[in-house]
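One structure is given here, and the rest of the page talks about it.
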Ligand code: TXA
Ligand code: MG
(Lines of atoms letter the chains of each structure in order from A and count residues from 1; the text may use other names and numbers.)
(Lines give C-alpha, C1' and ligand atoms only; values in the text may rest on other atoms or scores of the structure.)
(Ligands and ions follow the chains in the order given, each with its own letter.)
Protein backbone atom coordinates (compact mmCIF):
# COMPACT_ATOMS: atom_id res chain seq x y z
CA UNK A 1 0.00 0.00 0.00
CA UNK A 2 1.21 3.50 -0.74
CA UNK A 3 1.34 5.59 2.42
CA UNK A 4 0.01 9.11 1.80
CA UNK A 5 2.09 11.84 3.45
CA UNK A 6 1.07 15.34 4.47
CA UNK A 7 3.24 17.95 6.16
CA UNK A 8 1.56 20.51 8.35
CA UNK A 9 2.96 23.37 10.36
CA UNK A 10 1.42 22.89 13.78
CA UNK A 11 2.53 26.36 14.91
CA UNK A 12 0.60 28.14 12.15
CA UNK A 13 -3.11 28.82 12.11
CA UNK A 14 -4.70 25.44 11.44
CA UNK A 15 -6.81 26.81 8.60
CA UNK A 16 -3.65 26.77 6.42
CA UNK A 17 -3.43 23.00 6.99
CA UNK A 18 -7.14 22.39 6.80
CA UNK A 19 -7.28 20.49 3.51
CA UNK A 20 -4.46 18.07 4.44
CA UNK A 21 -6.06 17.27 7.77
CA UNK A 22 -9.47 16.80 6.19
CA UNK A 23 -8.04 14.34 3.61
CA UNK A 24 -6.55 12.35 6.48
CA UNK A 25 -9.85 12.52 8.40
CA UNK A 26 -11.66 11.14 5.36
CA UNK A 27 -9.36 8.11 5.36
CA UNK A 28 -10.33 7.51 9.00
CA UNK A 29 -14.00 7.67 7.99
CA UNK A 30 -13.26 4.99 5.37
CA UNK A 31 -11.92 2.74 8.15
CA UNK A 32 -8.28 3.21 7.11
CA UNK A 33 -5.45 3.84 9.62
CA UNK A 34 -3.59 7.16 9.72
CA UNK A 35 -0.64 8.26 11.89
CA UNK A 36 -0.69 11.76 13.38
CA UNK A 37 1.24 13.75 16.00
CA UNK A 38 -0.03 14.15 19.54
CA UNK A 39 1.68 16.14 22.29
CA UNK A 40 3.18 12.89 23.69
CA UNK A 41 4.19 10.64 20.76
CA UNK A 42 2.83 9.91 17.27
CA UNK A 43 -0.40 7.89 17.35
CA UNK A 44 -1.77 5.40 14.82
CA UNK A 45 -5.46 6.23 14.59
CA UNK A 46 -8.51 4.27 13.44
CA UNK A 47 -12.30 4.41 13.89
CA UNK A 48 -12.86 2.93 17.36
CA UNK A 49 -16.39 1.82 16.42
CA UNK A 50 -15.22 -0.40 13.55
CA UNK A 51 -13.61 -3.78 14.13
CA UNK A 52 -12.38 -3.78 10.53
CA UNK A 53 -10.55 -0.48 11.15
CA UNK A 54 -9.16 -1.45 14.56
CA UNK A 55 -7.84 -4.79 13.25
CA UNK A 56 -5.71 -2.80 10.78
CA UNK A 57 -3.93 -1.16 13.74
CA UNK A 58 -3.05 -4.50 15.32
CA UNK A 59 -1.90 -5.85 11.95
CA UNK A 60 0.29 -2.87 11.00
CA UNK A 61 1.99 -2.79 14.43
CA UNK A 62 2.20 -6.55 14.95
CA UNK A 63 0.55 -5.86 18.32
CA UNK A 64 -0.70 -8.69 20.58
CA UNK A 65 -4.51 -8.54 20.43
CA UNK A 66 -4.92 -8.81 24.23
CA UNK A 67 -3.47 -5.31 24.58
CA UNK A 68 -6.31 -2.74 24.54
CA UNK A 69 -6.12 0.67 22.86
CA UNK A 70 -6.67 4.23 24.08
CA UNK A 71 -9.70 6.02 22.59
CA UNK A 72 -9.01 9.65 21.70
CA UNK A 73 -11.72 12.32 21.75
CA UNK A 74 -11.79 16.04 20.95
CA UNK A 75 -14.65 17.19 23.18
CA UNK A 76 -15.97 16.21 26.60
CA UNK A 77 -19.47 15.36 25.33
CA UNK A 78 -17.97 12.47 23.35
CA UNK A 79 -17.13 10.74 26.61
CA UNK A 80 -20.80 9.98 27.30
CA UNK A 81 -21.13 8.16 23.99
CA UNK A 82 -19.23 5.12 25.22
CA UNK A 83 -18.50 5.43 28.97
CA UNK A 84 -20.64 5.41 32.13
CA UNK A 85 -20.46 5.83 35.93
CA UNK A 86 -17.50 8.22 35.94
CA UNK A 87 -16.22 8.74 39.50
CA UNK A 88 -16.22 12.31 40.91
CA UNK A 89 -12.40 12.26 41.29
CA UNK A 90 -12.11 11.30 37.61
CA UNK A 91 -14.20 14.37 36.73
CA UNK A 92 -11.71 16.48 38.70
CA UNK A 93 -8.78 14.94 36.83
CA UNK A 94 -10.52 15.64 33.52
CA UNK A 95 -11.13 19.28 34.49
CA UNK A 96 -7.49 19.81 35.44
CA UNK A 97 -5.58 17.81 32.82
CA UNK A 98 -7.65 17.63 29.61
CA UNK A 99 -6.78 18.31 26.94
CA UNK A 100 -3.35 16.88 27.78
CA UNK A 101 -1.20 13.78 28.41
CA UNK A 102 -3.54 12.01 30.84
CA UNK A 103 -5.41 8.79 29.99
CA UNK A 104 -8.20 7.64 32.30
CA UNK A 105 -9.50 4.07 32.48
CA UNK A 106 -13.26 4.14 33.16
CA UNK A 107 -16.29 1.80 32.82
CA UNK A 108 -17.25 1.18 29.20
CA UNK A 109 -20.84 1.18 27.87
CA UNK A 110 -21.46 -2.09 26.13
CA UNK A 111 -22.01 -2.22 22.37
CA UNK A 112 -20.67 1.24 21.49
CA UNK A 113 -17.06 0.50 20.58
CA UNK A 114 -15.46 -2.39 18.73
CA UNK A 115 -14.65 -5.07 21.32
CA UNK A 116 -11.16 -5.16 19.76
CA UNK A 117 -10.50 -1.69 21.24
CA UNK A 118 -10.99 -2.87 24.81
CA UNK A 119 -9.62 -6.39 24.16
CA UNK A 120 -12.79 -7.70 25.79
CA UNK A 121 -12.41 -5.74 29.08
CA UNK A 122 -15.43 -3.91 30.56
CA UNK A 123 -13.31 -0.77 30.96
CA UNK A 124 -11.94 1.62 28.36
CA UNK A 125 -8.94 3.97 28.33
CA UNK A 126 -9.76 7.49 27.09
CA UNK A 127 -7.76 10.62 26.49
CA UNK A 128 -8.22 14.07 24.96
CA UNK A 129 -4.93 15.11 23.37
CA UNK A 130 -3.89 18.78 23.36
CA UNK A 131 -1.93 18.74 20.08
CA UNK A 132 -3.78 20.97 17.59
CA UNK A 133 -3.34 18.48 14.71
CA UNK A 134 -4.61 15.56 16.79
CA UNK A 135 -7.57 17.65 17.98
CA UNK A 136 -8.45 18.71 14.45
CA UNK A 137 -8.27 15.29 12.81
CA UNK A 138 -10.45 13.77 15.55
CA UNK A 139 -12.94 16.62 15.28
CA UNK A 140 -13.13 16.41 11.49
CA UNK A 141 -13.55 12.64 11.49
CA UNK A 142 -16.48 12.92 13.90
CA UNK A 143 -15.39 9.58 15.37
CA UNK A 144 -13.87 8.30 18.59
CA UNK A 145 -10.34 7.42 17.44
CA UNK A 146 -8.47 4.41 18.82
CA UNK A 147 -4.75 5.18 18.71
CA UNK A 148 -1.74 3.36 20.11
CA UNK A 149 1.74 4.73 19.57
CA UNK A 150 2.61 4.51 15.85
CA UNK A 151 5.60 2.17 16.15
CA UNK A 152 6.12 -1.50 15.42
CA UNK A 153 5.22 -3.39 18.59
CA UNK A 154 8.29 -3.61 20.86
CA UNK A 155 10.11 -0.61 19.33
CA UNK A 156 10.49 2.80 21.02
CA UNK A 157 7.45 5.03 20.43
CA UNK A 158 7.84 7.52 17.56
CA UNK A 159 8.48 11.15 18.44
CA UNK A 160 9.13 12.20 14.81
CA UNK A 161 7.36 11.32 11.53
CA UNK A 162 10.55 9.67 10.22
CA UNK A 163 10.35 7.12 13.08
CA UNK A 164 6.81 6.21 11.97
CA UNK A 165 7.89 5.84 8.35
CA UNK A 166 10.89 3.68 9.32
CA UNK A 167 8.49 1.28 11.07
CA UNK A 168 5.25 1.48 9.07
CA UNK A 169 5.81 2.92 5.56
CA UNK A 170 3.69 0.90 3.13
CA UNK A 171 1.67 -0.65 5.95
CA UNK A 172 -0.64 2.28 6.74
CA UNK A 173 -2.88 4.52 4.61
CA UNK A 174 -1.36 7.85 5.64
CA UNK A 175 0.72 9.98 7.97
CA UNK A 176 0.54 13.63 8.95
CA UNK A 177 3.99 15.04 9.72
CA UNK A 178 3.51 17.80 12.27
CA UNK A 179 7.13 17.96 13.46
CA UNK A 180 8.59 16.46 16.65
CA UNK A 181 6.19 15.77 19.53
CA UNK A 182 6.41 17.77 22.76
CA UNK A 183 6.47 15.54 25.85
CA UNK A 184 8.31 12.66 24.19
CA UNK A 185 6.89 9.91 26.44
CA UNK A 186 3.37 8.44 26.35
CA UNK A 187 0.52 9.73 28.51
CA UNK A 188 0.12 8.85 32.18
CA UNK A 189 -2.50 6.04 32.37
CA UNK A 190 -4.67 6.20 35.51
CA UNK A 191 -7.30 3.67 36.53
CA UNK A 192 -10.43 5.50 37.71
CA UNK A 193 -12.39 2.36 38.53
CA UNK A 194 -11.84 2.01 42.30
CA UNK A 195 -12.34 4.47 45.14
CA UNK A 196 -9.06 6.27 44.43
CA UNK A 197 -6.88 6.67 41.32
CA UNK A 198 -4.14 4.12 40.55
CA UNK A 199 -1.31 4.91 38.13
CA UNK A 200 -0.99 2.04 35.64
CA UNK A 201 1.68 3.71 33.50
CA UNK A 202 3.73 6.72 34.67
CA UNK A 203 4.02 9.57 32.16
CA UNK A 204 4.41 13.30 31.68
CA UNK A 205 1.80 14.12 34.34
CA UNK A 206 3.37 13.10 37.62
CA UNK A 207 1.92 11.41 40.72
CA UNK A 208 2.47 14.65 42.65
CA UNK A 209 0.46 16.65 40.10
CA UNK A 210 -2.40 14.13 40.18
CA UNK A 211 -2.47 14.15 43.98
CA UNK A 212 -2.90 17.90 44.11
CA UNK A 213 -6.25 17.41 42.36
CA UNK A 214 -7.49 13.95 43.37
CA UNK A 215 -6.01 13.22 46.83
CA UNK A 216 -3.81 10.17 47.48
CA UNK A 217 -2.85 8.25 44.32
CA UNK A 218 -1.36 4.74 44.32
CA UNK A 219 1.08 3.25 41.83
CA UNK A 220 0.05 -0.16 40.42
CA UNK A 221 2.17 -2.61 42.45
CA UNK A 222 3.28 -4.34 39.25
CA UNK A 223 5.27 -1.21 38.32
CA UNK A 224 7.75 -1.94 41.09
CA UNK A 225 7.23 -5.66 41.74
CA UNK A 226 7.98 -7.92 38.77
CA UNK A 227 6.09 -10.82 40.33
CA UNK A 228 2.74 -8.96 40.21
CA UNK A 229 0.59 -9.01 37.06
CA UNK A 230 0.02 -5.45 35.79
CA UNK A 231 -3.57 -4.12 35.58
CA UNK A 232 -2.66 -2.55 32.23
CA UNK A 233 -2.13 -5.44 29.81
CA UNK A 234 0.40 -3.45 27.75
CA UNK A 235 2.78 -3.09 30.69
CA UNK A 236 3.73 -6.77 30.69
CA UNK A 237 5.53 -6.68 27.36
CA UNK A 238 9.18 -5.82 26.66
CA UNK A 239 8.92 -2.52 24.90
CA UNK A 240 10.73 0.53 23.63
CA UNK A 241 13.76 -1.64 22.92
CA UNK A 242 16.72 -0.66 20.73
CA UNK A 243 18.41 -3.38 18.62
CA UNK A 244 21.45 -3.81 20.90
CA UNK A 245 20.68 -5.40 24.29
CA UNK A 246 20.36 -2.62 26.86
CA UNK A 247 21.49 -2.64 30.49
CA UNK A 248 20.81 0.21 32.92
CA UNK A 249 23.80 0.93 35.13
CA UNK A 250 23.33 2.67 38.43
CA UNK A 251 26.83 3.86 39.28
CA UNK A 252 29.39 6.63 38.99
CA UNK A 253 30.63 7.55 35.49
CA UNK A 254 34.11 6.06 36.25
CA UNK A 255 32.48 2.74 37.13
CA UNK A 256 30.35 2.77 33.97
CA UNK A 257 33.49 3.53 31.90
CA UNK A 258 35.33 0.63 33.56
CA UNK A 259 32.48 -1.71 32.66
CA UNK A 260 32.48 -0.43 29.08
CA UNK A 261 36.27 -0.99 28.88
CA UNK A 262 35.86 -4.59 30.00
CA UNK A 263 33.35 -5.24 27.21
CA UNK A 264 35.63 -3.54 24.70
CA UNK A 265 38.53 -5.80 25.73
CA UNK A 266 36.29 -8.72 24.82
CA UNK A 267 36.01 -7.20 21.34
CA UNK A 268 32.46 -5.88 21.76
CA UNK A 269 31.16 -2.58 20.39
CA UNK A 270 29.70 -0.64 23.31
CA UNK A 271 27.29 2.30 23.31
CA UNK A 272 26.62 4.57 26.29
CA UNK A 273 23.41 6.55 26.79
CA UNK A 274 24.21 9.53 28.96
CA UNK A 275 23.29 13.20 29.46
CA UNK A 276 24.85 16.49 28.42
CA UNK A 277 26.59 16.87 31.80
CA UNK A 278 28.63 13.65 31.38
CA UNK A 279 28.88 13.19 27.62
CA UNK A 280 32.55 14.15 27.46
CA UNK A 281 33.72 11.81 30.25
CA UNK A 282 33.04 8.59 28.33
CA UNK A 283 35.03 6.80 25.69
CA UNK A 284 33.13 4.10 23.75
CA UNK A 285 32.11 3.16 20.19
CA UNK A 286 29.08 5.41 20.51
CA UNK A 287 28.29 7.93 23.27
CA UNK A 288 25.03 9.85 23.06
CA UNK A 289 23.34 12.41 25.27
CA UNK A 290 19.56 12.41 25.64
CA UNK A 291 19.18 15.80 27.31
CA UNK A 292 20.15 17.39 30.59
CA UNK A 293 20.12 15.59 33.93
CA UNK A 294 19.20 18.83 35.65
CA UNK A 295 16.06 19.14 33.46
CA UNK A 296 14.47 15.71 33.23
CA UNK A 297 11.76 16.86 30.81
CA UNK A 298 14.53 17.32 28.21
CA UNK A 299 15.45 13.65 28.75
CA UNK A 300 11.80 12.61 28.28
CA UNK A 301 11.71 14.67 25.08
CA UNK A 302 14.80 13.03 23.51
CA UNK A 303 14.87 9.54 25.03
CA UNK A 304 13.15 7.55 22.26
CA UNK A 305 14.88 9.41 19.43
CA UNK A 306 18.26 8.73 21.06
CA UNK A 307 17.44 5.06 21.70
CA UNK A 308 16.44 4.66 18.04
CA UNK A 309 19.59 6.44 16.81
CA UNK A 310 21.82 3.78 18.46
CA UNK A 311 20.31 1.27 16.00
CA UNK A 312 22.50 2.74 13.23
CA UNK A 313 25.71 2.13 15.17
CA UNK A 314 25.85 -1.69 15.00
CA UNK A 315 26.50 -2.09 18.71
CA UNK A 316 26.82 -5.34 20.66
CA UNK A 317 25.78 -3.82 23.95
CA UNK A 318 24.24 -0.59 25.15
CA UNK A 319 24.70 0.82 28.67
CA UNK A 320 22.36 3.52 29.99
CA UNK A 321 22.82 5.71 33.03
CA UNK A 322 19.96 5.59 35.53
CA UNK A 323 17.74 8.52 36.57
CA UNK A 324 16.16 9.58 39.87
CA UNK A 325 12.83 7.83 40.47
CA UNK A 326 10.83 11.02 41.07
CA UNK A 327 8.67 13.39 39.01
CA UNK A 328 9.00 12.65 35.30
CA UNK A 329 12.05 10.51 36.22
CA UNK A 330 9.55 7.78 37.21
CA UNK A 331 8.28 7.60 33.62
CA UNK A 332 11.82 7.72 32.21
CA UNK A 333 12.97 4.85 34.46
CA UNK A 334 9.79 2.86 33.70
CA UNK A 335 10.48 3.05 29.92
CA UNK A 336 14.22 2.38 30.30
CA UNK A 337 13.55 -0.68 32.47
CA UNK A 338 11.06 -1.99 29.90
CA UNK A 339 13.57 -1.37 27.11
CA UNK A 340 16.19 -3.24 29.12
CA UNK A 341 13.90 -6.18 29.92
CA UNK A 342 14.45 -5.07 33.57
CA UNK A 343 18.24 -5.55 33.41
CA UNK A 344 19.74 -3.10 35.90
CA UNK A 345 23.20 -3.28 37.46
CA UNK A 346 23.90 -1.55 40.78
CA UNK A 347 27.63 -0.73 40.98
O1 LIG B 1 0.44 9.12 24.85
C2 LIG B 1 -0.21 8.10 24.58
O3 LIG B 1 -0.94 7.54 25.42
C4 LIG B 1 -0.10 7.54 23.16
C5 LIG B 1 -0.67 8.58 22.19
C6 LIG B 1 -0.70 8.10 20.78
O7 LIG B 1 -1.95 8.96 22.62
N8 LIG B 1 -0.76 6.29 23.05
C9 LIG B 1 -0.27 5.15 23.62
O10 LIG B 1 -1.02 4.03 23.38
O11 LIG B 1 0.74 5.12 24.28
P12 LIG B 1 -0.47 2.54 23.60
O13 LIG B 1 -1.46 1.67 22.96
O14 LIG B 1 0.92 2.45 23.12
O15 LIG B 1 -0.57 2.32 25.14
C16 LIG B 1 -1.83 2.16 25.78
C17 LIG B 1 -1.65 1.61 27.18
C18 LIG B 1 -1.26 0.15 27.15
O19 LIG B 1 -0.33 -0.09 28.19
C20 LIG B 1 -2.59 -0.56 27.41
O21 LIG B 1 -2.44 -1.82 27.97
C22 LIG B 1 -3.26 0.41 28.37
O23 LIG B 1 -2.92 1.69 27.87
N24 LIG B 1 -4.74 0.28 28.36
C25 LIG B 1 -5.60 0.50 27.34
N26 LIG B 1 -6.87 0.20 27.71
C27 LIG B 1 -6.82 -0.21 28.99
C28 LIG B 1 -7.80 -0.65 29.94
N29 LIG B 1 -9.09 -0.72 29.64
N30 LIG B 1 -7.37 -1.01 31.19
C31 LIG B 1 -6.06 -0.93 31.51
N32 LIG B 1 -5.08 -0.51 30.65
C33 LIG B 1 -5.45 -0.17 29.42
MG1 MG C 1 2.93 1.92 22.69
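Including glycine, each Cβ sits where the backbone N, Cα and C put it.
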### Task
According to TrEMBL, 40, 72, 127, 187 bind L-threonine; so which of 147, 150, 161, 214 is the extra one listed there?
147
## Note on the structure
Same chain, |i - j| six or more, Cβ under 8 Å of residue 157 (ATP binding site); the result in sequence order is 41, 42, 149, 150, 151, 185, 186, 240, 304
### Query
Looking at the binding-site residues 63, 123, 201, whose Cα is closest in space to that of residue 40 (L-threonine binding site)?
201
### Query
Which ones are near residue 187 (L-threonine binding site): of the binding-site residues 63, 67, 123, 201, which have a Cα within 10 Å?
201
### Summary
Cα nearest residue 63 (ATP binding site) among binding-site residues (72, 127, 147) -> 147
